[in-house]
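Novice: Just lifted these from Swiss-Prot, have a look:
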ACT_SITE  Lys21  active site, proton acceptor
ACT_SITE  Thr24  active site, nucleophile
ACT_SITE  Glu74  active site, proton donor
DOMAIN    6-94  domain 'ASCH'
Amino acid sequence: MQPNDITFFQRFQNDILAGRKTITIRDASESHFKAGDVLRVGRFEDDGYFCTIEVTGTSTVTLDTLNEKHAQQENMSLDELKRVIAEIYPNQTQFYVIDFKCL
C-alpha cells in the first residue's frame, strides 16, 4: 500500500469529498507543497486513504490576517477557524495555505 502524502482530521473528510473544504492551513513542517503536486490524502486518526487531491496554489498567512474568504474555503466561521488553528498549532503565528481540489 502506498503511503499518504498529507493527512486531515477525520471530521474534515466529508467536507473535502463534497468540495466544501478547498484549503488547508499548515505550519512550516508542511510548507514544501507546491501547485501541481498530486497528493494521496489520509485520515490523521488511522492514516486510512480517502482521496487524491491536486494542489492548485499556496500562500502564507498569519493568525491575524486570516479572513472570511479563508473561513469560507475551510467551511467554517472565521472565529471557529482561528480557534481551530490555535488549538492545532499553539504558540505559532505564521502558516501556509494550501489550495486544493479533489481529483
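Cβ coordinates come from backbone N, Cα and C, glycine included.
Fair warning: this is a prediction, and the values are worked out from it, not measured in the lab.
For each listed feature, how buried is it and what is near it?
Specialist: In the three-state DSSP scheme, Lys21 (active site, proton acceptor) falls into the coil class. All protein chains considered, the CB of Lys21 (active site, proton acceptor) has 19 other CB atoms within 10 Å.
Same-chain residues at least 6 positions away in sequence with a Cβ under 8 Å from that of Thr24 (active site, nucleophile) are, in sequence order, Ile6, Phe8, Glu74, Val97, Ile98, Phe100.
A helical conformation is recorded for Glu74 (active site, proton donor) in the three-state DSSP classification.
Residue counts for the domain 'ASCH' (6-94) under DSSP (helix as H, G, I; strand as E, B; rest coil) come to 32 helix, 28 strand, 29 coil.
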Novice: Would you count the other C-beta atoms found within 10 angstroms of the C-beta of Glu74 (active site, proton donor) for me?
Specialist: 23
